[in-house]
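Feature annotations, courtesy of Swiss-Prot:
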type   : residues : note
REGION : 678-687  : region 'Calmodulin-binding (1-9-14 motif)'
REGION : 749-760  : region 'Calmodulin-binding (IQ motif)'
REPEAT : 219-248  : repeat 'ANK 3'
REPEAT : 251-281  : repeat 'ANK 4'
REPEAT : 316-345  : repeat 'ANK 6'
REPEAT : 349-378  : repeat 'ANK 7'
REPEAT : 382-403  : repeat 'ANK 9'
MOTIF  : 486-491  : motif 'GXGXXG'
MOTIF  : 518-522  : motif 'GXSXG'
Amino acid sequence: MQFFGRLVNTLSSVTNLFSNPFRVKEVSLTDYVSSERVREEGQLILLQNVSNRTWDCVLVSPRNPQSGFRLFQLESEADALVNFQQFSSQLPPFYESSVQVLHVEVLQHLTDLIRNHPSWTVTHLAVELGIRECFHHSRIISCANSTENEEGCTPLHLACRKGDSEILVELVQYCHAQMDVTDNKGETAFHYAVQGDNPQVLQLLGKNASAGLNQVNNQGLTPLHLACKMGKQEMVRVLLLCNARCNIMGPGGFPIHTAMKFSQKGCAEMIISMDSNQIHSKDPRYGASPLHWAKNAEMARMLLKRGCDVDSTSSSGNTALHVAVMRNRFDCVMVLLTYGANAGARGEHGNTPLHLAMSKDNMEMVKALIVFGAEVDTPNDFGETPALIASKISKLITRKALLTLLKTVGADHHFPIIQGVSTEQGSAAATHPLFSLDRTQPPAISLNNLELQDLMPISRARKPAFILSSMRDEKRSHDHLLCLDGGGVKGLVIIQLLIAIEKASGVATKDLFDWVAGTSTGGILALAILHSKSMAYMRGVYFRMKDEVFRGSRPYESGPLEEFLKREFGEHTKMTDVKKPKVMLTGTLSDRQPAELHLFRNYDAPEAVREPRCNQNINLKPPTQPADQLVWRAARSSGAAPTYFRPNGRFLDGGLLANNPTLDAMTEIHEYNQDMIRKGQGNKVKKLSIVVSLGTGKSPQVPVTCVDVFRPSNPWELAKTVFGAKELGKMVVDCCTDPDGRAVDRARAWCEMVGIQYFRLNPQLGSDIMLDEVSDAVLVNALWETEVYIYEHREEFQKLVQLLLSP
């Protein structure tokens, strides 16, 4: 059926072609000997064909008077006279200036143009026809700047829209076409060129100075605005090279704002590269920076990488984070937070981003804001806290879920005395057990605890109850050890724990500990502590780094990871450049069997007094000395996880032998102190008093059905063997790299035996998170579970901080 349908359509098209009265046909004048000449203008003759009862218009060939072209054959005399008058007025400049016109196809195109655009001048027609010789005709030159048509456009406008650079040159050089003439929409030739597909046309226009380059149309858009709106990156580049101005205000701001509004990354980058100040420009309507206009993570990231102020405010006082939350753009929110946006910034009416997020029914966004430091008890100008906003949500399920979310981190509900809230309500709420300020026994977290009266009052969420104001004595009599597990991107959990410790103590991690040991991701964080990088900064770095490093499939390219490490620690920085606190990173020497644990230190290694583990009957290259060891290489060696990254020379990930480096660090400290005593420097030795071990989160325990590997005798047993081998392999890897279990028990027992305070902080995660996880939502949820863990173990944190701050 489709075949017959196409056949019918084809036959219909052919029939119309031959029945078209305006079909141009080459004829001989001898065929019209018996016809009457009705009119004659130049080479055009209108003939009445008596036998056919038609009126034919014939263009006599200037080269051969006996031949010509029939332009139409009409049955109506009136129509024939009208069309003859039109043709006789428009055709002469063409057949007088170029022999190319005297072809059936060209004449057909030209006559169709004349009929379809009766208001066009001969110059407009010449542009569409595209024959250069025609532009030397005096009549065509005389109409070069004519705007007498329905659009009010000049022939130059048409040439630019068509993208015909050769015709453009003819118009400008021979016809002296003006480039600043506007059409009915206020658009110049530059606007038309932008809408075309040939950047060369725009480049030719820009060679001559013209006001049209920066002319605004009736919508207030310059050609640069229009190019940004349409995403014509190459057009933007040419306009900027032609010195188009970036600081002309349009209805939505500068061209950079237009590029951001329509998410045209390439256009925005072009503008910023030409004028870096545009990144800070404010639009006239909202007083918003380009970052406020970012609609996706890619656009926001591009601006922030180029130095855009992440906390710039609009006329209403809102930051870009406020706008991203209001528009429910979670990806933008995450980019802004990871680049250091203030999660507690007060905007219009005193609302923080968390106030706005409560009405969006987006749990991930609420979690992200709180995880990145948003205070849940901050009232706005109306005295409303985020929890009160949540309690006003009309959807009961959403309302309960949000309030339960707050309760998991210690939210208490009560009525503060503020204007507009009755004291009777306040006192009634204060007597409710859920609103009690006594936090010694918080109620169990369950939706069943949320009664109707719990949903109405103004809520005040948790305060860090264990914050201490005392500062530690710089001359401590004992040493403190911090140990950081390996775990890939789950190092974010360690960061969140360290942020809580810093917030509670008011002291940077670097000043709380004398020794820091780390494996893999823990090693990177140990170096970050050594080089005085804040944990809030590192949290953002980790979120940004994962998208750079974990691209493609495993094993990942090492280049992005190495570039990241060089960028953060310096390409030529040595381990011994910073000496306090003492830092050790674990690595696995894989150029020998059995493999050996190696420690990258920022101090000289203690001299060994014990016999070597193996007989050194082979020639092995000694490790690099700390003074010569590059920091970024040490971090790369410690984090060379097999199947994730290729080995760094002879080094594999330290997690193969010490994913929890606590016992190895304590052994190292003991050997270091013994070496100091042997060297007569026993007065410099300090006893270890506190060991803090931070994990990257415990994965949930799951049942394993089969780890049996045997010789199969049938297909069913073969499948069981394959499955068992897979599970067994996973179990072997997990056992080798397990940082919890007996490793923690042994460390705790050792510390208790020698009188050392031991703290193991490692939250239970709800799901198994891979080392190369890139989902923001998954990682934010892991940090949320860490926040819940911190609140539930607040007494342990309080005790730890008190001990760390004691002399």
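Each Cβ is built from the backbone N, Cα and C atoms, and glycine gets one as well.
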Local confidence of the repeat 'ANK 6' (316-345) - pLDDT mean: 93
The region 'Calmodulin-binding (IQ motif)' (749-760), counted residue by residue under DSSP: helix, strand, coil: 5 helix, 4 strand, 3 coil
Residues in the repeat 'ANK 4' (251-281) grouped by DSSP into helix, strand and remaining coil: 22 helix, 1 strand, 8 coil
Helix, strand and coil counts within the repeat 'ANK 7' (349-378) (DSSP): 16 helix, 0 strand, 14 coil
